[in-house]
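Some notes on the structure that comes next.
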Amino acid sequence: MGQEKLYIEKELSWLSFNERVLQEAADKSNPLIERMRFLGIYSNNLDEFYKVRFAELKRRIIISEEQGSNSHSRHLLGKIQSRVLKADQEFDGLYNELLLEMARNQIFLINERQLSVNQQNWLRHYFKQYLRQHITPILINPDTDLVQFLKDDYTYLAVEIIRGDTIRYALLEIPSDKVPRFVNLPPEAPRRRKPMILLDNILRYCLDDIFKGFFDYDALNAYSMKMTRDAEYDLVHEMEASLMELMSSSLKQRLTAEPVRFVYQRDMPNALVEVLREKLTISRYDSIVPGGRYHNFKDFINFPNVGKANLVNKPLPRLRHIWFDKAQFRNGFDAIRERDVLLYYPYHTFEHVLELLRQASFDPSVLAIKINIYRVAKDSRIIDSMIHAAHNGKKVTVVVELQARFDEEANIHWAKRLTEAGVHVIFSAPGLKIHAKLFLISRKENGEVVRYAHIGTGNFNEKTARLYTDYSLLTADARITNEVRRVFNFIENPYRPVTFDYLMVSPQNSRRLLYEMVDREIANAQQGLPSGITLKLNNLVDKGLVDRLYAASSSGVPVNLLVRGMCSLIPNLEGISDNIRAISIVDRYLEHDRVYIFENGGDKKVYLSSADWMTRNIDYRIEVATPLLDPRLKQRVLDIIDILFSDTVKARYIDKELSNRYVPRGNRRKVRAQLAIYDYIKSLEQSE
């Protein structure tokens, strides 16, 4: 079998994941408004795909052509374009289907040609009061540099200003960052109808109000368009430049980076399309997509529910971990010192972590706090707690990852604010991102320093903790806390030798330990001992690790994979991966936690990790995986994994064809894993 047939291209696997998101929009068992929101998630994901993965492929093609190498990347480009086009056609059909379904529920998303006289008058007033101040046309002249002017991933209206045989062009930015994209209109009879209009169509209706008095014209025509830029940046190293200065400079570079995708309304006149292509320097390698009347469907993630409660998911109230509420504990430190605590979001509330850091900020016994931030919420209470701690005389160290893609600007802001408050802020070395999720609190107790650590799979972010599944381990176990302390020392001195006995730390020992653990399962299988590997990951694309899993399967080791996103491994290849089962789950929460389980001859090893099985996470980032040393917590994670693999509603097979076939239920009972996990955790908390 040729080597290329052993792996699925990661770009195609990623698109297959996004097609699973589109399946959720098509799933009639999902509430109507949630289906509309899944269209927004699909669109947002696709934007990121073009910014990152497509842009990277484009760079590879240009380099390979300059070197005269093979055309594999160009062939892959064609397959990507074909797959995206097919999915976009399905997207358009689903959108129209959902509009009809909303109308049946008395929700009407109307356009500028469907307005009543009363609504027309109301819209002109709305435009003058709320919208006009945000609208400034960009006139397209021979010397206009649109690459410089246009914002990444914003929708624009390209306007024809027609006077006799002369046509001038202008662009209008749709300011959805300043004015809501969805505007409720005054109801008409019957009163139960709830009309809405998109911001795009308000501008279309008010074109006269924008251009009248400045241009003579016979007609104005508007067509939507959007451009996506390459999200990469170069860190140009200068002796005197700090990393923060380099990142600030690089972000400005991203604002004018080359376009990689141009989407336009398919009935836009050819002459206008060509003007825009030329002005945006769209090359033959870029994605040029004729689309519908509307772009930036990512705003549909926040599609409002103006109808009945059953049009959205039934809320699942976040659960408190009852251990923290025990009467014998004066504070969170007492509870954690008594025993390790495991939180699983979004089923558990993130409030416990926020409260622990708040307590640490003023507790007289706390000496020092160290934490690393990768992506935090816009109004982060964690940042506030670190500032309060510094004001209260604690020694506070915050490791800020300035290279967190799409959060760089926010993190530069936080770094400046923390520094001004007297917090010791440190950054990763360029090219070595810190993706671990750690904090360490040092506390004076009975004359000794006791340390409390957090090791997690997700970010310290109040918002995403309501949407992403992630674990937080809170522990005072010195075997773990001492090694978390070493990780922070390694971050501050990345070139000083350091060793770990319990933690798996990238880039120090992760690859070696993972290889050793897979090889141990192979040896156990060959000796007739219990063997098995179970992995829950966002992405599995590192070829070295994929090959190790193939070797395990060939040796008779059962391998169970739950991979949300990219998976280069192909299950069920005869003689290679017969013993590998791979599924993916897409549901109301984004599956984000990473779990590694090794049978280990009957004494299971269970790790929670910040790292996916990607080369960058294993070799080029600081990542941390922790073993669960408490048998009670280990069993809890094993139970949750069992529930996930028993899903008969939202689980799909990962296969060579990228078919996204649902796992058949057969005669098994109906299990929707995320709802079952909620019930499982709720029962645990009630029995504590």
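Note: Cβ is positioned from N, Cα and C throughout, glycine not excepted.
Binding of ATP is annotated in Swiss-Prot for Asn45, Arg564, His592; the matching candidate from Tyr154, Tyr156, Tyr452, Tyr468 at the same site is Tyr468. Asn45 (ATP binding site) counts 17 other C-beta atoms within 10 Å of its own C-beta, drawing on all protein chains shown. The C-beta environment of Tyr468 (ATP binding site), restricted to residues of the same chain at least 6 apart in sequence and closer than 8 Å, consists of Tyr345, Pro346, Gly458, Tyr589, Leu590, His592. Model confidence over the domain 'PLD phosphodiesterase' (430-464) stands at 93, taken as the mean pLDDT rounded to a whole number. Arg375 (Mg(2+) binding site) sits 10 Å from His435 (active site, phosphohistidine intermediate), taking the Cα positions as reference.
Using DSSP to sort the residues of the domain 'PLD phosphodiesterase' (430-464) gives these counts of helix, strand and coil: 1 helix, 19 strand, 15 coil. Same-chain residues with CB within 8 A of the center of the Asn45, Tyr468, Arg564, His592 CB atoms, the ATP site residues themselves not counted, are Asn538, Gly565, Leu590, Glu591. In this structure, the CA atom of His435 (active site, phosphohistidine intermediate) is 19 Å away from the CA atom of Arg564 (ATP binding site).
In the three-state DSSP classification, Tyr468 (ATP binding site) falls within a strand. In the three-state DSSP scheme, Asn45 (ATP binding site) falls into the helix class.
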